[in-house]
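Sequence annotations record features per position, and here Swiss-Prot assigns compositional bias 'Gly residues' to 100-123. Swiss-Prot lists 2-75 with the feature domain 'Sm', giving sequence analysis as the kind of evidence. The annotation N-acetylmethionine is assigned in Swiss-Prot to 1. Residues or ranges marked as region 'Disordered' in Swiss-Prot: 82-137.
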């Protein structure tokens, strides 16, 4: 289970975010990006000591400042179910051709497009012809 897939599933659900400086933010996840920057709505911020509280309509948190996230168990269960169905990353997949290329066997002996192959079949030295020697006429 990948953290970003977990966050994508957790959109519009409540969560708690603790920052590296000790502050905590409780709110509903609006969106997140690949760097784990997140937007929350209906946020309650708690100071490091736990003695001060602020209510904010919305909040943006940079991903690199996050220490941990607390997400409801039902979200984690939803992600596990999706992964079991094969929709998540790395689940059971059917063999299918992907991307570009020659379509046949992938890497292997002399089947690809790279270097190597049958010796002497490339653009190397020309073959010596019998009967003539270089330098004598």
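Even glycines carry a Cβ here, placed using N, Cα and C.
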Restricting to the domain 'Sm' (2-75), report the mean pLDDT as a whole number.
94
DSSP-assigned states of the domain 'Sm' (2-75) in counts, ordered helix, strand, coil:
13 helix, 38 strand, 23 coil
